[in-house]
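Here is what TrEMBL records for this protein:
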- A:1-17: compositional bias 'Basic and acidic residues' (COMPBIAS)
- A:112-303: domain 'ABC transmembrane type-1' (DOMAIN)
- A:1-32: region 'Disordered' (REGION)
- A:43-63: transmembrane segment (TRANSMEM)
- A:117-140: transmembrane segment (TRANSMEM)
- A:147-168: transmembrane segment (TRANSMEM)
- A:180-201: transmembrane segment (TRANSMEM)
- A:222-247: transmembrane segment (TRANSMEM)
- A:282-303: transmembrane segment (TRANSMEM)
Amino acid sequence: MARASDRKVASGFRKDPVLQQKSPKTPASGHDKLMIGQSSAGIWLAHAILILGVVIVAFPIYYTFVASTHSLQTILRPPLPLLPGPEFWTNYSQALTGGGTRIGGVGVVTLLVNTTVMALGIAIGKIVISILSAYAIVFFRFPFRMTFFWVIFITLMLPVEVRILPTYKVMVDLGLIDTYAGLIVPLIASATATLLFRQFFMTIPGELVEAARVDGAGPWRFFFDILLPLSRTNIAALFVILFIYGWTQYLWPLLVTNSNDMNTIVIALRKMISFADADTQWHLVMVTSILAIIPPIVVVVAMQRWFVKGLVESEK
Amino acid sequence: MATVDLNDVRKVYAGGFEAVKGVSIAIPDKALCVLVGPSGCGKSTLLRMIAGLETISSGTISIDGKVVNNIGPTDRDIAMVFQNYALYPHMSVYDNMAYGLRNRGTPKPEIDSRVRATAKTLELDQLLDRKPRQLSGGQRQRVAMGRAIVRNPKVFLFDEPLSNLDAKLRGQMRVEIKNLQRNLGVTSVYVTHDQLEAMTLADMLVVMNAGVIEQIGAPMDVYEKPASTFVAAFIGAPPMNLMALTHGADGTATVAGGAKIAGHVPEQAAILGLRPEDAIVPAPDATQKGALSLPVAVEAVEPVGMESFLHCAIAGERIVVRVPGRSMVQPGDRLEIAAGLDRLHFFDKDGRRV
């Protein structure tokens with residue numbers, strides 16, 4: 001995280017953006033070198049602000065981690081230590097192997113799998129549907145093209161919360177309660193993503209489409225050989241956003257899952273805390289929280305390289 | 001190796017706008033036909049109709065004797081070079097050139113040998129692994145050409161391919177295109193708005209205006225005998241001088257300022273045309289005057305280097321005169337300019353040549 005912010009400062013103070021564009025793979029140390037001789041006061045100030053920001057964002061997470069390595073007794077005795085405790089292995093193995101009796105006998109692994117399936121399903125499903133509908137709207141001339149576009153556009157005004165009752169009814173009638181399909185499908189249509197792809201597709205020059213036609217590429221070929229590779233940075237960016245959107249869903253999974261087996265990790269966390277007639281196992285809650293944070297972080301970190309690539313490469 | 005025949009081709013857009021109003025051209029095998037005209041004259045639309053990228057409202061287009069009206073661009077066996085090159089940005093030079101062949105199911109070894117051979121002719125063989133963004137404008141242009149050549153099509157279509165290059169490179173690529181086209185012997189249709197490009201490249205020049213053909217011919221024929229005032233003004237830089245012509249009761253024809261034309265002038269002639277280089281500035285003591293002699297006032301002098309252009313005025317008409325080399329004439333000078341009868345062009349009141 002610190003390294004990423006360093007890089008940002010460096011590029012902000014750099015005088016030759018062209019050079020930077022040409023060397024996307026320059027390691028952070030290269031940027032540090034270029035900062036020598038520049039106004040030090042400004043850099044100190046920028047760093048101070050950035051560090052403050054990082055502390056504000058990261059400290060609660062760190063504290064959660066610290067709490068996850070102490071025993072329940074330590075956590076409940078007021079001043080919580082600022083350094084990790086000795087119970088790391090005990091707590092984590094308990095959470096992972098079935099200490100989760102408190103959430104209906106479902107291990108954290110099952111919950112993570114459920115949530116991963118849901119988040120991936122939503123992210124991939126949304127991308128597939130929106131990229132295809134944007135493709136149709138931008139590159140094909142068919143009757144009521146603009147009508148379809150506006151219908152998609154209008155659904156922006158209908159988030160899940162607004163249509164929750166009819167959607168729930170439909171899911172019940174289809175027998176999709178407590179299924180992955182029930183978790184994923186209602187959240188899968190996305191006007192936002194469609195609009196995003198539409199805007200991107202509109203920037204693709206008509207000549208490119210025509211060149212592909214002359215080169216013998218039909219609609220599918222054009223889509224897979226040209227459009228998809230050109231959209232990959234957009235897809236990566238959307239994937240990150242949508243994966244996290246799916247991962248943090250609360251209201252819909254709460255409604256559509258009854259069985260503990262189908263819970264997502266966010267629901268399970270809530271259930272762990274709200275158990276009324278027993279003590280909340282705070283150390284396990286903290287462990288579960290940390291485990292719940294890891295997959296989104298992995299996705300962001302893994303995809304960050306694509307972001308940088310997307311920013312550096314100006315294709316088209 | 002094919003002929004391209006256009007027979008009364010029309011293009012009417014959905015809004016009712018008629019972009020191409022009945023065009024017939026017969027392009028012989030191996031010829032380079034240049035469509036030239038101002039923007040909006042329908043030349044690009046016509047090219048795109050030949051390519052199959054626009055539908056044909058009426059009339060027929062045939063390639064190699066076969067009507068292609070209802071055949072898609074893929075199956076017309078044409079290759080097109082676009083104004084902005086339209087290279088696939090995410091593909092290497094090699095893949096850009098190979099893409100069309102791959103889509104047609106050409107065997108891999110053949111693709112490889114054809115791409116490499118084409119790259120060699122175009123001096124692209126060192127650049128095959130580069131992406132388009134790593135290439136200069138001229139190199140991208142070459143790749144776009146290579147992509148067309150490698151397919152070995154019946155017809156090449158060029159849509160203003162040089163308009164994005166700087167002047168020097170444009171001159172160089174012009175020669176290259178001409179040589180390449182001649183060596184490959186592929187029938188080509190080339191669209192441009194640049195009359196210099198049109199003159200130098202064409203075997204067959206088609207001047208278009210507002211959706212109709214003004215004139216078809218060899219470039220020099222078009223230059224020397226423009227069929228209309230439009231062609232006269234469009235081909236040649238600076239353009240031909242055009243002046244109103246009046247017929248007197250005694251059968252003599254006069255132009256602005258009352259200068260008489262010595263010699264036979266056709267009855268219907270209403271406009272006189274004179275190319276800047278055909279107007280001579282005779283020595284003051286010359287006894288031999290041309291058929292036309294005009295006393296003009298010089299308003300501006302433009303030295304270009306090997307020649308100078310004198311912008312002159314006479315009785316409200318403006319005339320540009322070309323003089324070789326450096327001119328001693330100053331703005332404000334008065335001159336007598338002359339032209340021989342065989343250098344004069346006459347047009348009727350509708351602008352048609354007589």
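Cβ atoms are placed via backbone N, Cα and C, with glycine included.
Just so you know, TrEMBL annotations never went through curation; they're auto-generated.
Contact counts against the transmembrane segment (A:117-140), taken as Cβ pairs under 8 Å, peak for A:180-201 among the stretches A:43-63, A:147-168, A:180-201, A:222-247, A:282-303. Same-chain neighbours of the transmembrane segment (A:222-247): 115, 118-124, 126-127, 131, 135, 139, 187, 190, 193, 196-197, 200-201, 204, 208-209, 212-213, 266, 292, 295-296, 299-300, 303, 306-307, 309-310, 313, 315-316, counting only residues six or more beyond its ends whose CB sits under 8 Å from a CB of the stretch. Residues 133, 136-137, 186-187, 189, 191-192, 194-195, 198, 251-252, 255-256 of the same chain lie 6 or more positions beyond the ends of the transmembrane segment (A:147-168) yet place their CB under 8 Å from a CB of it.
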